[in-house]
Structures are given as C-alpha cells and as structure tokens.
C-alpha cells in the first residue's frame, strides 16, 4: 500500500528476467551490460537495457528483496521524490561505472568488457538513506557480544548481492557513491536530477491505478510508521490504549466512591515508565521538580514522522537529554 513504484519495479523487471531465462534465451544478448559495445560501437541503448533487467535470477531475487525493504522510502517521501532519487542514482551510477572501469584498467591493468546487468546501481544507492535515516533497534544478541538489529537482514542481503558476481563490487561502489552524491546538500544534485511534476502526473494517471494496492481493511487503522517494527509497535501502543480506556471505565466508579487518584503504575505495567512521573500517589514539591529540558523541534518532528505522538516524543527527548537514538529506542521498547 502507498508504494506503486516499488511494486512496479518488483513485478515488471522480475517477470522479464524470468521470461528471458526460461523462454527467450536467444534475446538475452540484447540485455547484456556490454561496456565494449557502448564505448566502441556507441550502443547507448545498452545502458538502458543492461542496467534495468537482471539476467541472473539470483541477483534478481536479492534485488527484489532489497527493493521490498526499501519501499518505506516511497511511503515516507512520496512516489515523485522516490522516483527522482532512483533516476538520479541510476544516471550517476552509470557514469561512475565507466569511471571505475577505467580506473581499474589504469591502476591494476584489469580489462573489464562487461558488468552484471540489472537495476543494481539504484538498489545499492538506497543503502545510503537506509543507513542514515532509519533508526537502529536492537532485537537480540548472539553470544552476548554481537547485536542483531532490525537492519541486519537488509545488510546481509546486500552482502550476498555483492559477493554473487566477479565485478558486481563495481556496481555496488558506484551505487553507494551516487547515493552519497544525491543525498549531499552541498552538491545539490537532487535539485538538478529530478522527475518533473508533469511527468509525475502522467504516470500517476496512467500507471498508478494499475500498480496501486487497496488499503488493508483487516487491520486496525493506525498511523503509518517508517519501518515494519515501528508499525508493529504502533499496534501494541493502540492495544495498550484500548486496555487503558477499558480499565479507566471500570475504575471510574470506584474512584468516585473511594476518592483519590488512580495508581496508574499498578494498573498499567506496560506504560509505567511513561506515566510514573505524572501519576504518583503524591504530588512532588516544586523544589524537588527539576527544570524541564529544552527539546529540539526538529528531533520532535523526526519522531513524529516515525509515527509517535508529539507528547510521547517530547517526553522521550526530555528523558534522554535530546538524544534521538536513545529516545527512539525508549519509545520502541516501552
């Protein structure tokens, strides 16, 4: 849902790769990423064909899994900005491919006539925003020293893709460099290499109805977080709120009869760390209350983009002394 471009990149190139491998093998030569034909015979069309369709099903499978994980960027930024990133990374990585091949021949004496085909440059470029903008949440530990996080599987898939071919490291390096250049605020590449609004409107009218998916109706409507882990945490938070409301309705009559404040720490163990400051059995004195910590509005906005409420974001940032990573882990674990 809300990622039609990612869905089209998963379905269309994968279907063509399967057809070329199983039924139309004699047409595979037209989709080979042949650098010699590009430089000597000026077959520029090979840049489009060779850098879009994978001829190795193993590479196609790994790149599809990575695109499926990276669909969160289309949901966060929108299809036009996501397509602009892919277009810019595709064009820059094509330039860096040729440059790295020439460097390898000049320094190491390695002559490279062809590279693995496929939509690999933009896929590796997506690791740059994935590393910088997706929060790292620890899931478990192996042998007590090696941490397993919500991003470990994605990095393992990228490593598997890098080691699948002899010269695929050139595509990986050019993709990472192009992602860094596109995200750089100094180079301003994102202002030059972008999809025009009229082109985005044409594709939204023609292709988006074909690849768009209906919003899930069997799930509770909650704010959409940046990652699957955050979305699951949002559903847990919604369940906590439903339990809280039902318990409040049950205890309201007892509160009216007995008086006094409800002991929230006893009623709601999952939320005790978040509410034990405001709901204690006695009010702290003004002398004992520390002055509130100033919170950065930019960090509050980043936490709200992940799906957390403003109140929870403010409280977590105050508790963590404006440390965004600590505040994110605090909100995900409580």
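One-based numbering along the chain as shown.
Every residue, even glycine, has its Cβ placed from backbone N, Cα and C.
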Annotated stretch (transmembrane segment, per TrEMBL) among the listed ranges 61-84, 85-108, 181-204: 85-108
Surrounding residues of the transmembrane segment (114-132) on its own chain - C-beta under 8 Å, 6+ positions past either end: 9, 13, 17, 31-36, 49-56, 59-60, 63, 66-67, 69-70, 73, 85-86, 89-90, 92-94, 97, 101, 151, 154, 158, 161, 164-165, 167-168, 170-172, 174-176, 178-180, 182-183
